[in-house]
Amino acid sequence: MFNRRKFLKASALSAGLIAIDKSSMADALQASTKKAASFPIVISTWDFGIAANADAWKVLSKGGKALDAVEQGVWVPEADENNQSVGYGGLPDRDGKVTLDACIMDENGNCGAVLALEHIKHPISVARKVMEKTPHVMLAGDGALQFALEQGFKKENLLTPSSEAAWKEWLKTAKYEPVINIENKLYDKAAPQKLPGNQYNHDTIGMLAIDAKGNISGACTTSGMAYKLHGRIGDSPIIGAGLYVDNEVGGATSTGVGEEVVRNVGSFLVVELMRQGYAPEAACKEAVMRIIKKKPETAKNIQVGFLAINKKGEYGAYAIQQGFSYAVCNAEKQDLLIKGKSYY
Ligand code: ASP
């Protein structure tokens, strides 16, 4: 059951209104089950994070930068045509257009994002160029595409035959209904399920890495909610919502129904809670509780998951619904998949 007393204490604490309550802080600290991991380390959302982490690890294990690791790590799902929720092969919006959202953030607080970018296979790399080559943080739509082309990115058709077929199937009813934890059905090799086209409709890769120098960076990339209104932007490219990194504290990222994450500035909230002493899992849980508290009826039927890492390399996650998973990779274990805890 949702504990209102603890929620109020923690909210007041985060607002700096009362002195730290020892008992709720102890609860928060204990809620992390993950012991400190050594650097370097990379963590990312969902089962497809395993393959993404493996490529990030190639950078980290050679002493490379966390920023390069997260960019190269998320290239894997971005290029995977079987992954229908990220990059190439992503499900389109209701008009049949594949529009991609991505952002990246480094250890110096630099960040870049692209919103509703079409025709470019690796939006994360365009986001990085926005960060490094412009005075801006975000570029959207046609402007983002124009910038990408100027930077030498290739214009491609991202709508694969299977995503197009799924969209056409969806058009028959044109019902917008996000399905909870859809990636489990897509990626469960032991029990693959064929769902009607209107049901493959969300999930994002959010990745956080700490390199050998202890610097933290993060990346988040998605094709967003399938069959969304053309021009809809979720949490994933919004710094503070889908991703946030503070090199003094840690980083956080999110997945799920982005509107609820944006409303609560989710990833920033998680990092700020860690700054106040919350362990990663406890901070993620508190962010989830904000969503549930504000919209209990909505929350029953949607998924939102947060994933976080602190400066010590401790990590944790928490989701509204069961089924959220995340992948961890460090010197001890390269392909660890962890079942995230959840409210329901
Ligand atoms: N957060 C993404 C969005 O709202 C989708 C997801 O992660 O499932 O666009």
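Heads up, the Cβ atoms here are built off N, Cα and C, so glycines get one too.
Reduced to three states, the DSSP call for T204 (active site, nucleophile) is coil. Cβ contacts within 10 Å of T204 (active site, nucleophile), excluding its own Cβ and spanning all protein chains shown: 31. Marked as active site, nucleophile by TrEMBL: T204.
DSSP assigns I233 (substrate binding site) to coil in the three-state reduction, outside any helix or strand. Sequence annotations record features per position, and here TrEMBL assigns substrate binding site to R232, I233, G234, D235, T255, G256, V257, G258.
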In sequence order, those binding-site residues of R232, I233, G234, G256 whose CB lies under 6 Å from ligand 1:
G234, G256
Where T255 (substrate binding site) falls in three-state DSSP terms:
strand
Restricting to the same chain and to sequence separations of six or more, state which residues have a Cβ under 8 Å from that of D235 (substrate binding site).
A241, G242, S254, G258, E259, V261, V262, G266, S267
